[in-house]
Amino acid sequence: MNIVILAAGTGKRMRSALPKVLHPLAGRPLLSHVIDTARALAPSRLVVVIGHGAEQVRAAVAAPDVQFAVQEQQLGTGHAVRQALPLLDPSQPTLVLYGDVPLTRTATLKRLADAATDARYGVLTVTLDDPTGYGRIVRDQAGCVTRIVEQKDASPDELRIDEINTGIVVAPTAQLSMWLGALGNDNAQGEYYLTDVVEQAIEAGFEIVTTQPDDGWETLGVNSKAQLAELERIHQRNLADALLAAGVTLADPARIDVRGTLACGRDVSIDVNCVFEGDVTLADGVTIGANCVIRHAAIAAGARVDAFSHLDGATVGANAVVGPYARLRPGAVLAADAHVGNFVEVKNATLGQGSKANHLTYLGDADIGARVNVGAGTITCNYDGANKFRTVIEDDVFVGSDTQFVAPVRVGRGVTVAAGTTVWKDVAADMLVLNDKTQTAKSGYVRPVKKKS
């Protein structure tokens with residue numbers, strides 16, 4: 001089967017410089033969702049028709065299995081499909097999809113394709129309570145489809161029809177090519193409508209078959225930011241329902257956003273207002289607190305991420321604790337039972353098994369061993385304005401509060417670092433390191449008093 005995806009429209013009502021089909025749904029372009037659905041049908045040819053913002057669209061979805069046809073002028077859906085014909089296999093039927101209709105299920109399309117075998121012309125229709133704005137399916141008294149009429153060209157009687165055309169069709173390609181070549185544009189829009197092919201197919205003796213999706217939202221398209229927001233909520237609720245069915249506990253299914261792939265083990269619990277981006281894995285027994293953002297991360301069994309924490313490109317070990325208000329940046333690796341607490345930032349650094357940094361700390365470009373206690377206010381000074389350097393802290397080190405490690409520096413196993421110390425030289429194992437300081441107390445000091453105006 002050939003699949004053609006129409007993605008050339010300008011999307012004026014989006015009021016955006018970004019081509020409509022590149023606006024994100026669940027963190028990915030609308031068009032990418034449609035391409036993924038098409039791929040699931042294993043087409044022999046997959047062609048995307050581009051026009052407005054053509055090079056931007058091409059760059060966003062380019063792949064070895066995707067071919068592109070260009071519609072230089074947007075002269076209607078029939079004209080758009082015509083641009084793809086040279087790239088199609090004429091011996092295979094062609095399925096036409098739309099780059100701004102992202103939620104159609106693969107099973108729905110397969111059902112349509114199966115119904116349209118043996119030289120039938122298949123149309124996906126849906127019945128709406130309010131069909132305003134859509135082309136109507138006109139049938140004769142026997143229930144056979146006789147034509148599809150667009151809203152602007154419909155008579156008052158036709159406007160009362162509630163079965164509408166979704167635009168998604170399957171047709172025999174060789175005949176489709178002939179029918180498209182014979183299309184005219186004598187209509188209110190002055191465009192070449194793909195829907196007008198139906199009358200030609202009927203005249204040629206082809207049976208018009210229709211199928212409907214299981215859910216009306218499968219055929220909803222995007223023409224405005226309001227419609228995009230509506231589809232986002234529908235899609236996110238579908239994802240939430242799938243998580244619930246898999247045994248994940250969601251504090252509120254309406255308040256989770258998945259913008260990528262979220263894989264969960266058993267007994268995972270997710271509180272409200274959490275966002276998951278990219279590929280995220282939550283193993284058995286993981287708990288995610290409220291208002292967390294987790295991107296491209298793997299969190300091992302029994303770990304806990306407390307509220308308002310941000311994880312990006314991080315790996316969290318079994319039974320580790322993160323947050324609240326912690327930030328793990330790319331390259332952060334927490335071993336089993338490690339703790340990273342409030343207002344701690346970890347970047348391109350490892351924190352060994354059972355090690356803890358519970359308060360107000362920056363650990364960047366560091367290798368920290370097991371059972372290390374990092375006191376509040378500790379900073380690894382890893383950047384000299386041009387280059388990054390690493391700090392190495394071996395097992396069983398105790399770091400007092402308000403400590404700075406000026407990299408490159410290595411602190412040996414079992415070292416104790418006194419509070420307020422700046423460490424700029426390597427320290428051998430089991431040493432106490434501190435900076436000599438004097439403390440002076442003066443009597444008779446009078447604190448300045450602000451003058452009253």
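Cβ coordinates are placed from backbone N, Cα and C, and glycine is handled just like the others.
Here Swiss-Prot flags H359 as active site, proton acceptor, drawing on sequence analysis. The Cβ neighbour count for H359 (active site, proton acceptor), using a 10 Å radius and every protein chain shown, is 15.
For N223 (Mg(2+) binding site), other Cβ atoms within 10 Å of its Cβ number 15. Sequence annotations record features per position, and here Swiss-Prot assigns UDP-N-acetyl-alpha-D-glucosamine binding site to 6-9, K20, Q71, 76-77, 98-100, G135, E150, N165, N223, R329, K347, Y362, N373 based on sequence analysis.
Non-local contacts of D100 (Mg(2+) binding site) by the CB criterion (under 8 A, 6+ apart in sequence, same chain) comprise A7, G9, G11, K20, V21, L30, L31, G221, V222, N223. The Mg(2+) binding site annotation in Swiss-Prot covers D100, N223 and rests on sequence analysis.
Per Swiss-Prot, acetyl-CoA binding site is recorded for A376, N382, Y383, S401, A419. Under the three-state DSSP scheme, N382 (acetyl-CoA binding site) falls in the coil class.
Look at Swiss-Prot and you will find 1-225 tagged as region 'Pyrophosphorylase'.
If you look up Swiss-Prot, you'll see 226-246 marked as region 'Linker', on the strength of sequence analysis. Under DSSP, residues within the region 'Linker' (226-246) fall into helix, strand and coil as 20 helix, 0 strand, 1 coil.
Among the features that Swiss-Prot reports, region 'N-acetyltransferase' is placed at 247-453.
Counted over all residue pairs in A376, N382, Y383, S401, A419, the record's binders of acetyl-CoA, the longest Cα to Cα distance measures 22 angstrom. Residues 14, 23, 25-26, 102-103, 217, 220, 253-254, 256-258, 262, 264, 270 of the same chain sit 6 or more residues outside the region 'Linker' (226-246) yet have a Cβ under 8 Å from a Cβ within it. Listed in sequence order, the residues of the same chain lying 6 or more apart from S401 (acetyl-CoA binding site) and placing their CB within less than 8 Å of its CB are G375, A376, G377, T378, A419, G420. With a 10 A radius on its CB, Y383 (acetyl-CoA binding site) counts 12 other CB atoms from all the protein chains. Closest in space to Y383 (acetyl-CoA binding site), of the recorded positions given as G99, E150, R329, H359, is R329, taking the CA atom of each residue.
Separating the Cα atoms of E150 (UDP-N-acetyl-alpha-D-glucosamine binding site) and H359 (active site, proton acceptor) is a whole-number distance of 64 Å.
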